[in-house]
Amino acid sequence: MLKIGCHLSASKGFKNMGEEAISIGGNTFQFFTRNPRGSKAKTIDETDIKEFLKLAEENNFSKILGHAPYTLNACSADENTRNFAVEIMKDDLERMEYIPNNLYNFHPGSHVKQGVEIGIKYISDMLNTVLKPEQTTTVLLETMAGKGTEIGRTFDELKEILNNVELSHKVGVCLDTCHVHDAGYDIVNNLDKVVEQFDKIIGLDKLCAIHLNDSMNPFGSHKDRHQKIGEGSIGLEGIKNIINHPMLCNLPFFLETPNELDGYAREIKLLKSIYQN
């Protein structure tokens, strides 16, 4: 069974997101844990949570994915920005425990000319501050395209962060297909090699989710502009190979390129039609 969903608005609660996911043929979804620009999160509605968990169990949902706000920059040169990232993630992870055993994704951040090593240290320090032994949520580092001074453009950078995290079993990776394509990993012509590289450097046991996005940009452009499935430089054949790869096919896939629900429904129907496992 293809584990597939898209990014949905959390404004009407978890049960509503679950119902929307089902209505478009999905069995999971991604959501922002708060406004993507980082304002205060909504109050937890425990009745809504309870109803969603029942709905998810009845409909055999895969793990859902909470996405941290874009403003979270754990490796900023500004100490206040780094402290803000710690507080946001700490609060988000406490809230994620209302929906236990799920996933929480964040962009590692930009080191802003401090250097990669300092950036990696700050990110690791944040994770060592916020992670708790008793948490059930797995925190995911997202692969990045390499715009500016972004950390996470290479598998080696992500591995170095993981190596410095004390509770490393609480941390994994979310692979964004647009980002790795734009970062210079040839998932179109040499997907097997890229998967082998990931396994050798990080380990496939750490790969927990995939952001399934096509790319507006040429290979290795370091641009990060998503395109709808089959309409970009990865192409439908490239996407088909990804969702059917034996080492990737059982992971949850999340569509992120902005779309209407009807558009996501069409993409999910298309993906199901080319899914062969």
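Keep in mind that glycine also has a Cβ here, set from the backbone N, Cα and C atoms.
Copied from Swiss-Prot, the annotated features are:
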{"type": "BINDING", "residues": "H67, H107, E142", "note": "Zn(2+) 1 binding site"}
{"type": "BINDING", "residues": "E142, D176, H211, E256", "note": "Zn(2+) 2 binding site"}
{"type": "BINDING", "residues": "H179, D224, H226", "note": "Zn(2+) 3 binding site"}
Margin query: At a 10 Å cut-off from the C-beta of D224 (Zn(2+) 3 binding site), count the other C-beta atoms across all protein chains.
Written below: 20
Margin query: So if I measure Cβ to Cβ from E256 (Zn(2+) 2 binding site) and keep only same-chain residues at least 6 apart in sequence, which ones fall under 8 Å?
Written below: C6, H7, Q30, D176, H211, L212, N213, H226
Notebook entry, point to check: On a count of neighbouring CB atoms within 10 A, which of the binding-site residues E142, D176 is highest?
Noted result: D176
Next item on the list: Work out how many Å separate H107 (Zn(2+) 1 binding site) and D224 (Zn(2+) 3 binding site) at their Cα atoms, rounded off.
Entry: 13
Notebook entry, point to check: Expressed to the nearest Å, what is the distance separating H67 (Zn(2+) 1 binding site) and H179 (Zn(2+) 3 binding site) at their Cα atoms?
Noted result: 16
Check: Excluding E142, D176, H211, E256 themselves, which residues in that chain have a Cβ inside 8 Å of the centre of the Cβ atoms defining the Zn(2+) 2 site?
Finding: N105, T143, C174, L175, T177, C178, H179, I210, N213, F254
Check: Could you tell me the C-alpha distance between H179 (Zn(2+) 3 binding site) and E142 (Zn(2+) 1 binding site) in angstrom, no decimals?
Finding: 9
Checklist line | Where H179 (Zn(2+) 3 binding site) sits in the secondary structure, as DSSP reduces it to three classes | finding: helix
